[in-house]
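Working notes for the structure below.
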Amino acid sequence: MAAFGGPAKPLLSLNPQEDAKFKKEVAQVRRRATKQQEKQKPTPGVIYVGHLPPTLYETQIRAYFSQFGTVTRFRLSRSKKTGNSKGYGFVEFESEDVAKIAAETMNNYLFGERLLKCHFIPPEKVHEELFREWHMPFKRPSYPAVKRYNQNRSLVQKLRMEERFKKKEKLLRKRLAKKGIDYNFPSLVKVLHKNEENASNTGPQNSRKHQALRKKKKAASVTPETPEKAVDSQGPTPVCTPAFLEKRKSEVAKMNDDDKDNEIVFKQPVSGVKEETQETQSPASSKKKRRRKHNQ
């Protein structure tokens, strides 16, 4: 069995004189076979999938769309800043016909409380770098410069930082002087120290005190609305000029009008009053008639 193992040996004809012809024929047969295989291979189709829920990942979406056919490539677009899903992606199927069927069936399909939007992308409009590094798992972007700047520094590191700021400040002032610009600005190191002091002073206790003081100030500023101004009898009396008297009369008239409007008056009909007068007069007339009869 060991003799049959190993790489395949080159094909040789039985007649050594016709070896060259035999090799040419074999090459032609192989070319025809490859061409037939290429013709039989279906052209791939790409579809756009929109309104995807943010909780879905690449593996889940690919597994879902693989029920229509073999998915060769898939790309879910993500934000470069946060790494979160943008809500749309691209799916490439092995066959173009399968891609069209998947786009038709999944368009306006209720998926995770959302209507999916799917449409077929023609091969002319598919970008060459659409599926670049599609097999690589997405990593959230890290910002090392921001982390370095916000890290907690020791005293030595802070002193080095101050020296760097001073050098930059000197260079800036020299450049401005060369260009003939008279501009004075505060040193950057002092500004940094002020910011650090403010950050240290604003603690949880200080912030609570500030909030309590602000609340007290607001309560003092908001005065209760008095409906009428109280007149102080012991205060100084105003000068009685004719203009002042006219103003006072107009104010009193307005007050009376307001009081009249507030009062509710019920008016009784006139017929009822007449009936009451007749009823009250009837007993007196009947007594007079009785007296006359008695005298007769």
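FYI, residue positions are counted from 1 along the chain as it appears here.
Including glycine, each Cβ sits where the backbone N, Cα and C put it.
Under the heading region 'Disordered', Swiss-Prot lists 1-45, 196-296. The N-acetylalanine annotation in Swiss-Prot covers A2. Under the heading omega-N-methylarginine, Swiss-Prot lists R114. The feature compositional bias 'Basic residues' is assigned by Swiss-Prot to 207-219, 286-296. Annotation comment: Swiss-Prot describes S221, S233, S250 as phosphoserine, evidence class similarity to another entry. What Swiss-Prot records for T226, T237, T241 is phosphothreonine. The omega-N-methylated arginine annotation in Swiss-Prot covers R248 and is backed by similarity to another entry. According to Swiss-Prot, the SUMO1 cross-link annotation covers K274, on the basis of similarity to another entry.
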Query - S250 (phosphoserine) versus R114 (omega-N-methylarginine) - Cα distance in angstrom - result: 69
Report summary line: The number of other Cβ atoms within 10 Å of the Cβ of S250 (phosphoserine), counted over all protein chains shown, is 10
